[in-house]
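Remarks on the structure that follows.
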Amino acid sequence: MQLLRRTVRSVATFAVLLLLLYVKAHTFALTTGQAVDDSASYSTLNETSSAESLKRVVRQVDPTKEEITTVKADVEVEELGTCSEGLVLPLWMPQRKISIGDRAIRGFVYFMLMVYLFVGVSIISDRFMASIEAITSIERDVVVRGPKGEKQTMRVRIWNETVANLTLMALGSSAPEILLSVIEIYAKNFESGDLGPGTIVGSAAYNLFVIIALCMVLIPKGEKRRIKHLRVFIVTAVLSIFAYIWLWAILSLISPGIIEVWEGVVTLLMFPATVLWAYIAERRLLLYKYMDKNYRMNQRGTVVAGEHDSVEMGADDPKQTSKQFLQMSKSAHAYDEARMEYIQLLSELRQKYPDADLEHLEMMAQEQMINRGNKSRAFYRVQATRKLIGSGNLMRKIQERAHEDLSSVKAQIQTYNDDDDDVPTRIYFEPGHYTVMENCGEFEVRVVRRGDISGYSHVYFETYDGTASAGSDYVGKSGILNFPPGVDEQRFKIEIIDDDIFEEDECFYIRLFNPSENVSLYVPHTATIMILDDDHAGIFAFGDALHEVNESVGAYVLPVMRYSGARGTVIVPYWSEDETAISGRHYHGVRGELIFENNVTEQFITVPIIEESTYEKDVKFKVNIGEPVLAPDSAHYQKIRLVEKKPAEDLTDLERILLMSKPRNGELTTTYIRIRESTEFKSTVDKLVARANVSSVLGTSSWKEQFKDALTVVPADEHEFDAEEEVGEEVPKCMDYISHFICLFWKVLFAFVPPTDICGGYVTFVISIFVIGVLTAVIGDAATYFGCVLNIKDSVTAICFVALGTSIPDTFASIIAAKQDQTADNCIGNVTGSNAVNVFLGIGLAWSIASIYHAVNGSTFNVEPGTIGFAVTLFCGEAVIAIGVMMIRRSTKSIRAELGGPTISKWMNASILLLLWVIYLIVSTLEAYDIIMV
């Protein structure tokens with residue numbers, strides 16, 4: 001920021017020097033270009049109350065001889081220093097007999113007024129840009145198929161980035177210049193003026209030469225920025241030069257001095273043609289799809305299309321990878337790329353802060369996602385203005401937004417199944433399955449009531465046989481369960497009959513029926529009771545062949561079941577084996593033994609799962625159990641050992657049954673554990689990625705927020721923002737307070753503009769552009785008065801003063817974009833795009849209106865080529881040189897980028913661009929005062 005402020009001071013100093021040069025040039029023009037009667041003097045001219053007839057040398061183009069000649073013409077001129085009434089701003093009276101000191105004071109006042117108005121335009125333009133960001137950030141849900149054919153729902157932006165940049169974004173950054181050109185036409189009764197077109201041409205020169213030069217040298221040492229969308233840049237660069245060639249053609253070649261209706265309309269229609277051509281180039285439509293197209297692996301490991309870059313595929317089969325990439329839609333690829341970036345950020349933060357909890361890491365990752373995200377021209381424009389007017393750094397708002405996003409997402413994910421009193425009364429078993437030992441005696445069954453429990457309810461129950469029989473295996477039971485008001489559950493007991501005979505596991509059922517009125521039975525309304533025989537050592541197996549777990553589970557508890565008996569102490573060995581999951585990376589391998597004590601029917605294997613916070617994770621490993629054996633100290637073991645020593649033919653029936661009761665494995669001795677990504681993590685990633693855009697950072701949701709921002713002094717944050725740092729209390733500096741109080745009037749005034757959350761930003765858009773139009777009209781009057789009292793022509797005022805005032809915010813925005821972006825598109829691409837749009841939309845709209853007005857009234861719209869034609873020609877020649885310099889830098893092996901690079905080369909190239917701008921200003925000024933005759 002210190003360097004930027006020094007740059008502003010340098011520009012201001014240069015402007016003052018130019019002012020002195022203009023006064024000197026004007027004096028020289030008066031003494032050499034005007035023939036005044038010998039009997040009249042300069043003092044007599046000032047004292048006369050009416051204009052005198054003067055002789056002045058003017059230049060004319062003889063269409064018959066096609067050569068430039070000079071003739072003397074009699075023109076009526078008003079008294080020196082007399083100004084005509086403006087459109088909005090009142091005229092400073094008196095206008096006659098003004099001293100040089102008075103003129104200097106008035107010039108200074110008008111100059112400061114213009115500066116203050118430029119500040120106001122910058123602030124309201126930021127509200128305008130925020131509304132544009134809200135409009136162009138509108139998203140829609142799309143369903144695409146992933147690599148495995150699964151459907152994915154994601155949110156993508158409706159507006160194409162190139163179309164948005166060349167339409168609304170260009171309008172937002174160039175609205176003052178465009179509106180000034182249109183308003184000037186209306187103010188001059190649909191006659192041509194020099195202020196509007198001059199501002200557009202002067203702004204184009206400043207943008208192309210000065211802004212790019214500053215961005216080139218202010219890139220941090222050792223870094224460089226390269227244009228990503230080269231095709232779009234080439235299209236906009238060519239059209240930006242063609243736009244000014246077209247201006248020269250219609251001014252001086254096709255119909256010299258006259259703008260016909262078709263010329264104005266064609267100029268205006270070139271604006272949508274520019275947008276369409278750039279869109280075609282960006283999407284590779286028509287001829288562009290037949291051009292060479294390479295692919296490369298970006299830093300996140302994703303295959304992306306390159307523009308004349310070498311192929312750097314990281315996959316084993318580049319052709320196959322390219323084929324898969326081409327099958328993905330562009331929207332799905334962009335969404336997946338953002339998602340992978342978020343996951344990579346989270347992984348890096350986990351390594352950097354191993355002791356931090358996941359929620360804090362997610363918050364930091366979200367901050368960096370928004371910070372690193374694809375930012376528009378609007379973001380950098382607003383950020384630059386906020387720093388200049390004492391409203392702080394947008395990065396602070398990003399950190400606050402990350403906290404809010406994470407809290408909101410967590411609240412959405414965490415749902416609660418609370419009972420609803422409006423739901424009808426439901427009665428059912430909870431749980432619906434019971435497993436009991438044969439020797440348990442009796443067990444308790446639970447029936448619950450849910451929904452409206454304010455009334456009285458009842459339900460009948462009864463047992464019925466399955467493989468178990470009432471009377472021999474259990475005691476049958478039936479009855480009625482009553483639920484008084486406010487009671488939500490009832491319990492009853494069932495008795496189990498024990499015997500010493502080995503038998504298979506058996507089951508019976510309990511059903512609910514005949515509920516009271518206004519009560520419905522809910523599943524499960526039938527309970528299953530499994531009776532495990534305790535005379536057998538048991539059969540051991542896993543309950544399921546596959547278990548799916550989230551990686552965030554920490555440790556997964558894997559159950560091993562014991563059924564068909566539970567007598568004696570049994571030892572079961574177990575161990576894990578790798579499949580696609582790798583021990584030590586995805587989980588910690590386990591090996592050991594489970595000990596089932598007498599009458600214990602279930603034991604658990606604890607498997608630690610390693611959380612990587614990986615999106616769409618899908619790996620598995622298996623866990624095995626070995627042959628179960630009775631514990632040597634078990635009484636049952638001793639009985640079996642004695643029986644096993646006898647010959648088979650000597651065994652009794654009871655002894656044979658005893659041998660059959662030895663423990664053995666069931667069918668499922670191996671189970672697979674499939675590790676998936678955490679459902680909460682996946683949901684969090686999807687929701688946060690969908691929220692990771694800067695539109696809500698730029699926008700506002702209420703008038704309260706706007707007035708709070710307007711009245712609050714926020715530190716400018718000179719240091720680079722680190723998303724991993726906590727928001728700390730920082731005291732504003734003296735310059736922050738000065739900037740704040742200077743801009744306080746504009747801040748409070750524009751806080752009345754509706755927030756961007758209303759109607760998606762469209763209301764803010766309309767009101768903001770209306771306010772910009774009003775302020776631009778005042779600027780036009782102030783600039784005209786400024787030039788009038790100091791005898792500076794409108795064309796010179798436009799090129800050297802108004803153009804600088806409207807371009808200063810873009811200067812800071814481009815510098816911030818150059819430092820923070822990874823590409824040069826927001827610095828360079830938008831400059832050429834805006835230059836083309838300014839001509840086609842700004843001049844095309846104004847001249848179309850004026851030419852149609854004159855055609856309807858039977859007259860012609862006359863535009864003197866003069867200074868504008870010369871400035872356009874000069875700019876075209878210098879623009880070719882500037883673009884050539886950038887393309888040479890891009891192709892030079894030691895640089896390979898438009899911005900940054902080696903220190904010596906970037907300063908040399910930047911000096912060339914700055915020299916082109918100085919030459920442009922000096923030559924245009926000298927030509928305007930006829931010092932240079934063309």
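Quick reminder: no glycine exception, Cβ is built from N, Cα and C everywhere.
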> Of the ranges 521-541, 836-856, which one does TrEMBL list as transmembrane segment?
Replying inline: 836-856
> Relative to the transmembrane segment (232-255), which of 104-124, 163-187, 836-856, 868-888 accounts for the most Cβ pairs at distances under 8 Å?
Replying inline: 868-888
> Counting only pairs at least 6 apart in sequence, do the transmembrane segment (762-786) and the transmembrane segment (199-220) share 3+ Cβ pairs under 8 Å?
Replying inline: no
> Given the model, what does the mean pLDDT over the domain 'Calx-beta' (414-513) come out as?
Replying inline: 81
> Top stretch among 104-124, 163-187, 199-220, 836-856, 909-929 for CB pairs under 8 A with the transmembrane segment (868-888)?
Replying inline: 909-929
> Restricting to the same chain and to residues at least six past its boundaries, which positions have a Cβ under 8 Å from a Cβ of the transmembrane segment (163-187)?
Replying inline: 86-87, 121, 125, 128-129, 132, 135-136, 193, 195-197, 199-200, 203, 236, 274-275, 278-279, 376-378, 381, 769, 772-773, 775-777, 779-781, 802-803, 806, 810, 813, 829-830, 833-834, 837-838, 841-843, 845-847, 849-850
> Near the transmembrane segment (104-124), which same-chain residues lie under 8 Å Cβ to Cβ, leaving out any that are not at least 6 residues past its ends?
Replying inline: 92, 98, 176, 385, 388-389, 742-743, 746-747, 749-750, 753, 768, 771-772, 775-776, 778-779, 782-783, 785-786, 789-790, 801-802, 805-806, 808-809
